[in-house]
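What TrEMBL says about this protein:
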type     : residues                                     : note
ACT_SITE : 10                                           : active site, tele-phosphohistidine intermediate
ACT_SITE : 88                                           : active site, proton donor/acceptor
BINDING  : 9-16, 22-23, 61, 88-91, 99, 115-116, 159-160 : substrate binding site
SITE     : 158                                          : site 'Transition state stabilizer'
Ligand SMILES: O=C(O)[C@H](O)COP(=O)(O)O
């Protein structure tokens, strides 16, 4: 057995609440999002986790979620590496549009394909495959070596940057990833084997 990797999607953002495509836009957390982030930290603490290092994106909602969770863990000030590679999928021309308005304009099926398919990008944006092409190398070169050293690592990021990571970690196909949803503020814990495969997965739901 090797180290532990914990993935945490940010708490509810203002644009999640307003049902807007967000991508690389930078809204803050809502009050509910703040509570979700704190709750994630409390559950990690109750389960006995202590982190050696954290990673997050260049976007405020993930950074703030990390700060709030670390506060609950009593680990404020933990060494944290921010990188744009962990940013949310770029939603391109959809960014800022209401998701229900988009369904009315382009149809339910097309919008679902843009949101959940593996390799169909939204107009002017990234497919999940494109997102994975930056998330996965960053994981392999920068995050995974620390986990394989036996460390406990926290990654606070986004619904689709984490879907890309989960897809690769669990060896999911382009069809399987369509049904994968990452909840806000719910830590996903992976214990890795020394050969980097997943030994055990635990979801710390509320
Ligand atoms: O960028 C966004 O709009 C959300 O964070 C995730 O959106 P999705 O649920 O459409 O993947």
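Heads up, the Cβ atoms here are built off N, Cα and C, so glycines get one too.
A map of TrEMBL features onto the structure.
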{"residue": "9", "record": "substrate binding site", "CB count, 10 Å": "29"}
{"residue": "10", "record": "active site, tele-phosphohistidine intermediate", "CB count, 10 Å": "31"}
{"residue": "12", "record": "substrate binding site", "CB count, 10 Å": "21"}
{"residue": "15", "record": "substrate binding site", "CB count, 10 Å": "20"}
{"residue": "23", "record": "substrate binding site", "CB count, 10 Å": "23"}
{"residue": "88", "record": "active site, proton donor/acceptor", "CB count, 10 Å": "27"}
{"residue": "89", "record": "substrate binding site", "CB count, 10 Å": "28"}
{"residue": "99", "record": "substrate binding site", "CB count, 10 Å": "13"}
{"residue": "158", "record": "site 'Transition state stabilizer'", "CB count, 10 Å": "28"}
{"residue": "159", "record": "substrate binding site", "CB count, 10 Å": "18"}
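According to its DSSP assignment, the residue listed as 'active site, tele-phosphohistidine intermediate' is coil. Across the structure, residue 158 (site 'Transition state stabilizer') and residue 9 (substrate binding site) place their CA atoms 5 angstrom apart.
Secondary structure at residue 159 (substrate binding site), as computed by DSSP, is helix.
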